[in-house]
Amino acid sequence: MSTIAQNKGYISQIIGPVIDIEFPNGTLPKIYNAISIKHKNKTITCEVQQLLGDNRVRTVAMNSTEGLQRGIEAIDTGSAITVPVGKCTLGRIFNVLGEPVDELGAISTDRKLPIHRASPLFTQLETKPSIFETGIKVIDLLAPYKRGGKIGLFGGAGVGKTVLIMELINNIAKSHGGVSVFGGVGERTREGNDLYVEMKESKVINEKNLEESKVALVYGQMNEPPGARMRVGLTALTMAEYFRDNNKQDVLLFIDNIFRFVQAGSEVSALLGRMPSAVGYQPTLATEMGALQERITSTKEGSITSIQAVYVPADDLTDPAPATTFAHLDATTVLSRGLASKGIYPAVDPLDSTSTMLQPQIVGDEHYVTAQRVKENLQRYKELQDIIAILGLDELSEEDRLTVARARKIERFLSQPFFVAEVFTGSPGKYVSLKESIDGFKMILNGELDDLPEQAFYLVGNIQEAIKKADELKDK
């Protein structure tokens, strides 16, 4: 306690969320140390960013600095911001400091970890690439996820990002015995609240027994200071790392939105007086992104697979923020408004979504060849659509008509009923193994199911269900 008592300073300057603190000679806190300021029944936590000389440090506040003034006492906590980890975090909502904000009472745990940690050593990494099976046909077949990889999720409003995220959370819990951590970085508070309510409705969060929930939520929304938005991703990542390293689990880490993490870093950089780089971004953009992304990986103990929603400013893919993100991604899942308007869910675009895992030496020849044939078929259908729109189907050659018929069946077979959507659709969710997906698409491509009506393939699980549905349609 004596060192803490010794390490007291006083606020010397406040510029918005940036606070300069003067300490007695020889007691300067370290970079990234948390500084606690108590004022009028509230505690403000700041993080040391720069040592200015003359016994002064420059810090960035994680809470609102409203009401602070020069001369108020500030105490060096002696360590970085620490957050609770473990089972107690499941089903709860936290802020950047690891404080629960869901009004369900305090967290009772002594297990806390600092948010600034080194990435795993090279010797701890799992080097053999393996597929992370999601049970969602379109993803597993055409743009498979890497276990311990990073996936970019692209899509506008209302195309099904949230439902896809919730289905992934549900499936990892059921099939991998894993948990998920959701980091809401700089997005709308209303969206965060909607997600929480939907998770309770779909039983992803178990209200009766919180520790049986499948997800922990960490929010630093749009109205928070830039310091909080910049660090909330690290808070979520620290919770995920504990599940991977100590519980030896497979973890899904969702970051919505990775662009807001960069944006907050840019605001902080400007407030600290750093010279801006290209397009006004921080000069440390690549370093900050690397520090976050390098901690998301597979080790010999478990894995963190990260799915990151990527906002592309003004649809400019060359903007430094998305361009820096792309360098770290192993797969991209692109959601299409066109497919959503056709009622095909999940509305994952089979031609725009990509994955570095789709190589014959990783997924095997059968999977690779089937995926390529599906894409070729859909691409040919896309090329023929203009002709169909102008002249009609009858003007196509016999071969092209067959291609169109199969492509329409494939398009419908890529749809799938979700577990988390059961409450809305009334149809039970389906988990389809990769083997079942490959077998089903091979049968369609080989013409074994040419005599089945295309509506038999819509919103079913495996191919046997489609055949059964076709029989039921015939009976009607």
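Including glycine, each Cβ sits where the backbone N, Cα and C put it.
Thr162 (ATP binding site) is surrounded by 17 other CB atoms, counting those within 10 A of its CB over all protein chains shown. Annotation comment: Swiss-Prot describes Gly155, Gly156, Ala157, Gly158, Val159, Gly160, Lys161, Thr162 as ATP binding site, evidence class sequence analysis.
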Long-range same-chain neighbours of Gly155 (ATP binding site), Cβ under 8 Å, sequence gap at least 6?
Lys161, Ala309, Val334, Leu335, Ser336, Ala347
Near the ATP site, what residues other than Gly155, Gly156, Ala157, Gly158, Val159, Gly160, Lys161, Thr162 in the same chain have a C-beta no further than 8 Å from the centroid of the listed C-beta atoms?
Leu335, Ala340, Ala347
CB neighbours of Gly156 (ATP binding site) within 10 A?
11
Could you check the binding-site residues Gly158, Gly160 and say which one's CB has the fewest neighbouring CB atoms inside 10 Å?
Gly158
How many neighbouring Cβ atoms, not counting its own, are there within 10 Å of the Cβ of Val159 (ATP binding site)?
23
